[in-house]
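Asks: Take a look at this one; I'll ask things after.
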Amino acid sequence: MTEVITDPTPPILHGPSDKEKKYDRQLRLWAASGQQALEDAHILLLNSGSGAVGVETLKNLVLPGIGQFTIADAGVVTEADLGVNFFLDEDSLGNSRAECCVKLLQELNPDVKGHWLPLQETLTVQKVLKNDAKYTLIIYTYPIEETDLDFVQEYSIKHKVPVISVHSSGFYSYFRTYLPGNFPIVDTHPDSTATTDLRLLTPWEELSKFSSELTGDIDNLSAHEHGHLPYLVILLHFLEKWKAEHRSLPSTYKEKTAFRSLVTAGARTDNPEGGEENFDEAAAAVLKTISAPTLSSSVKAVFDYEPNELEAKSNFWIIASAVKQFYEKHKQLPLPGSVPDMKAQSTVYVRLQNIYKKKARQDVAEVLSTVRAHPGGKDVDETEVESFCKNAAFIKLIHGSEANPESIKTLTKSEAENDANAEMTMMPLSLLPIYLSLHATSHMSTASSSDILATIDQVYPDASTTPRYVEISQEVARAKGGELHNISALTGGMVAQEVIKIITKQYIPIDNTCIFDGITSRTQVLRI
Amino acid sequence: MSQPLMVSATIPGPSPAMASRWQYLDNVRRHTGPFTDPDMFDTSEAAVAQIEKMKILVIGAGGLGCEILKNLALSGFKQIHVIDMDTIDVSNLNRQFLFRQSDVGKSKAECAAKFVEKRVKGVSITPHNCKIQDKDEDFYMQFTLVICGLDSIEARRWINSTLVDLVDEENQDSLKPLIDGGTEGFKGQSRVIYPTITSCIECQLDMHAPRAAVPLCTLATIPRQPEHCIEWAHIMAWEQEKPFPKLDNDDPEHITWLYKKALARAQEFNIPGVTYSLTQGVVKNIIPAIASTNAIIAASCCNEAFKIATNTNPSLGAQENYMMYSGNDSIYTYTFKHEKKDDCPVCGNLARGLDVDPNLTLQEFIDSLAARPEAQLKKPSIRAQKTLYMQSPESLRLQTAPNLDKKIGDLVSNGDEIGVTDPSLGRVDFKYKLRFTSDFVSKDKLTTNGDAN
Amino acid sequence: MLKIWSMKQKQQQDANADAAAGTRKKKVTAAQLRVQKDLSELALPSTMKTEFPDPDDILNFNLSIEPDEGMYKGGRFHFTFVISQNFPHEAPKVKCTQKIYHPNIDLEGNVCLNILREDWKPVLNLNAIIVGLQFLFLEPNASDPLNKEAAEDLRSNREGFKRNVRSSMGGGTVKNQTFERVLK
């Protein structure tokens, strides 16, 4: 069920706007805030090679209403382009590929602005990226000139702009994201089955009072009242009982199962159904809710991280530090404030909800006052603090990528070791050889299998003699750098999802390379 | 960002204009790869041309369907059919990229077919603006492959059982691989089914979580969530007040009525959170959908279709047959083999051929069934398109008992399928395809004519 | 494609199943077969009867219940069963066709029985539903009602509730609602 913490002010009775109608199916995923972020973005595509994967990516961004996009491409449309790129037609032959693709992409959504830059001797990548801070994110496709890569890198560092490189050839592809600095996410959209902290082991006064008010005379409640006690209240009641008897809370698995039996035994069975649903719910919730909340490793990573001087001035790190203080003081995170649905009378449930909301607001207020005391915290928006507190248990930090030639050697070795045991562990084979083989052809579309293997041998000397490397390099050579539309469409879908996650700062982007094998239909994400 | 690991060379200039349109496809179609199956793969001209002769059916011209049509046209398929009964709605435009604002209200199948035919030279796309159930077996028989991009489980089950039933051991062309895709938000799945050989949609039904339902009494007396108020308006208030003759989920006036009802009820119980958008979402059971996820799943389906059609590489199907995809938290795929279920009501239970003398009475036929070694039935109930004989409940037994004295030939036609159940069989049941062993002449040609209908 | 077919043929040899014959005709659907099985396994007591308006269509039928004990004794209650081709993935739709006074059945005939909605599972069968319906007349449940007034009567004043049941079954009026006569 939905989580509700808004005040019950009646909304105005009006239907959705035209824009809400058109974007309805995606607003349910990233809400108006995510949509706004998309509409404020401007994506640059540096296109090359057979040129389909970047254009397919853009299609998936134009449709949901990205603000602007620019294609820079030296290509002139050939027959071969028409066999792989849907956003070209017979009339495009011989014309600038950038221009033709922009025209046909733009038809998809009148809200989006498209621009084209036909790369040539006078308009180089260097010029495109010189002193121009207008791009929010850059996508480039392989093959690409080595020197052009340097300009992209320079731009990314200077303007703190994320970059995604994409390589699709034959049945294989990979893409890699480069995030400038560290990338924190508050709105991670945890799975609906993820537990929210209800603080049953450390109830605050108002909650305890409410609970004992309902259960003070539990044995004499009418069948109706007894059968509608919210399971939270049932658990609080029996925790009190347990504490009185054992002078501690149930903590081991054995104690928790004993506690569960105690709860189950509390149900009345002298009724036609022979039991009570709310007590069933309570028993089922024991193992999940009766445990001290522990910090997840991703929250710990946020607390342990020491932001540099510049980062420390950002709202995220100011709030993070305030929440950390809160945690150190209370040994728990701010209360999320939502209550799962449970069997209860409407009035009782709404009261319970309000008790949680009120406490959550108090926690927000405490964090907010710490934020305000911070030298840079005057202008932090209260809703941002609220949202942080609500999602505190699920915040996530993705580290920026840095090239490290040493680590790829280590990774190659460890993946090879995993592969050696693959049959025993029933794990699929590593896709790293696909990455290495495609990467060996970064600057040229065609290469022989032996050229590719010779290049890989530089980091993994066994490559030339490992059958899997030999086969994969042969498969890469077979495609001669040509894209298959399906593989590029699929890869373009994944890249677009990543762009959306990065721009909206919602959900969790990859860290940092995703490899796709269109033969076995598998992906693998590796940090390279 | 730049890495030391590349074959050193410079990028060649754009290819000369003489390069053929399908040069990239030909790289894999005309060259053997390390993983191609030597028994299957053939680089000859005739083999390459094979794909152009195949008829392929796309079911659904929505989010997945639009992508699938584009992908097939650019994979070398030339004879594509598409079937969809829906018309274009404004909320489709954020992902169904073959449609424009001016197309709202038009047939999806027709619009999509026209667009792709115009864009990709030489491809033929035949639209069918109707329900899949409107087409008969002969229609489905003409295709080599079927790809589904549907949002309804019911439609999936229908086409699945139709394709399973189509399989005829004496006709190789009757076996049509079914490729199915589905998405929800950033997640999706694609799967390949060889009807009667590998796990089918019915075997995999447990992969679809049923929609969580709330008890009616909660809606009626103890609502706690905004959804409860909306469901109450939808199920109970509407039926009581019947403000319009028939509820149309797509009529904003109807949704507004439900929204106002739900809102008033929510206010009565102090429940926050009822909005127009939530009302629409609950009433229509809206599943979030975006272009990028559709692109991933549709392309995965078409990649498998291409591999099956060309043998350019091994495909999903015989071993691994299911790919799950999730983009919520990083990217995660799980590709596995879903096992066929022996007790699957669709493919675990194929009709067997059964020779029968049409001049037997139904009673004699039932007695003969009891003697069959695989059956040994004690109290069989039996039906064809109509109910032939039911052992219970009593009212049906009485209604069907007169059939016992009728001749088989008067009750069913040669080739009809019958279903037999018996309490002694537990979960098992039998289907037989009847083969008449002699001609049958009905005594009463005027009324029965040997046709079950 | 060839390979799929050779798999099929191998499977055929293994199973040694007989080949099917002739032209393709109408099939028995999975839902029909399952309902047939469920129906033939029904163990209906004398208090319950089914009625099939069209015996060839076993997906639509009526059920009558004549409780022989409890507060609803002496009445005859009619329900319609509508089963879709999606059965047993989807529960049958069951409605009471009479306007009756019952805490778990509302005035429109909606029935609050968990296995008809939130707790339906494909492994359940028609018998389970019919047993559940019968139980509602033996033990009306006041704690999770559809008809709130009836439930309050049952909770607060069992004797008064009994009187209301009798009067409503005779076609009388309870709290301004006139009910349908359901006595045999």
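Each residue, glycine too, has its Cβ placed from N, Cα and C.
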Asks: What range among C:1-23, C:24-46, C:70-92 does TrEMBL describe as region 'Disordered'?
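Replies: Within the set C:1-23, C:24-46, C:70-92, TrEMBL attaches region 'Disordered' to C:1-23.
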Asks: Using DSSP, how many residues in the domain 'UBC core' (C:30-174) fall into helix, strand and coil?
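Replies: Residue counts in helix, strand and coil order: 48 helix, 27 strand, 70 coil.
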Asks: What is the pLDDT of the domain 'UBC core' (C:30-174) when averaged and given as a whole number?
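Replies: The answer is 93, the mean pLDDT of the model over that range.
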Asks: So what sits near C:Cys112 (active site, glycyl thioester intermediate) in its own chain, CB-to-CB under 8 Å and at least six residues off in sequence?
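Replies: Set apart from C:Cys112 (active site, glycyl thioester intermediate) by at least 6 residues yet with Cβ under 8 Å, we have C:Asn104, C:Ile105, C:Asp106, C:Asp144, C:Pro145, C:Leu146.
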